[in-house]
Ligand code: NAL
């Protein structure tokens, strides 16, 4: 796989392709970042962007993970002290998940977002951005009413962080795209109080997984079923067993006309195949014996043809997810034992 393919595999969108191709020519020493609001336990949504970061490290990039403590505070996730504590737990879980500790830098938002220059730049963006635009940028992240003043300051700060952290590529789930577009349009025109170079940076967006039980809408950690690093092997088995998995990549809409996806196939594609060269689906001899796949497409083809039964696909998915999650689960157990 060439560098550009590795960088963009499974990405839903790159902005712009031309800019990312230029980065792919010489990734060595370039910095990519992703930011997360600290939460105590990683869920499969975090792991999906982390999988992309692992691709990017393999391509030669340095990774910066922003532990967005001030953002979590603005989004009403707790007291500042609580948020700082959960950020520590999160850092350890990311490393356990497989990020290269020598190529990963963790930065707290509060380490630069309270500086005078930064605050003045934020105010400059507040002057140049309409309320409507900021609310729209926040709507998909927050999923609620974005009714507080903090909800419109949040996306402006995120847009600014991309230049403050001096990043070459911003990575995020597709729910971050409006903030990234705001960055690209509003930040380059700023005069700036700081000596930063206010150039728009390219962005890469990862898919959002579908709801595990129904395939309708997004998988969510706040409502519905999600997979997290706190899950035991049995929890994962149960959740994946109950997942929506018709024998097709393109399920029919449900009775109310809602679009549906196949979340089991999505997890194979976005979480499992990027981390394992081959996937083995174990089956008793009497049912045809083990099946071995080198890529996602052949597994999906077999599910569609009936060669691979959904129940067997689910069993294998649960085993591979468990293998990915186990090291982080141990880290959590150690932290809780302290
Ligand atoms: C991501 C988040 C918050 C602040 C950021 C600043 C710079 C880069 C990325 C950032 C969290 C993200 C979320 N908005 O929804 O998890």
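Positions of Cβ are set from backbone N, Cα and C atoms, glycine also.
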Recorded L-tyrosine site member, picked from 33, 296, 320, that accompanies 154, 158, 161, 176 in TrEMBL: 33
Annotated motif ''HIGH' region' segment (source TrEMBL; candidates 20-28, 38-46, 47-55, 56-64): 38-46
Candidate ranges 203-207, 208-212, 213-217, 218-222 [criterion: TrEMBL lists as motif ''KMSKS' region']: 218-222
Neighbourhood of ligand 1 - binding-site residues from 154, 158, 161, 221 with Cβ under 6 Å: 158, 161
Cβ neighbour count (within 10 Å, all chains shown) around residue 221 (ATP binding site): 16
Whole-number Å value of the largest CA-CA distance among 33, 154, 158, 161, 176, listed as L-tyrosine-binding: 17
Sequence-remote partners of the motif ''KMSKS' region' (218-222) [C-beta within less than 8 Å, at least six residues beyond its ends]: 39, 43-45, 143, 175, 208-212, 228, 263
Cα-Cα distance linking residue 221 (ATP binding site) and residue 33 (L-tyrosine binding site), given in Å to the nearest integer: 22
Tertiary neighbours of residue 176 (L-tyrosine binding site) (same chain, Cβ under 8 Å, six or more apart): 140, 141, 158, 170, 205
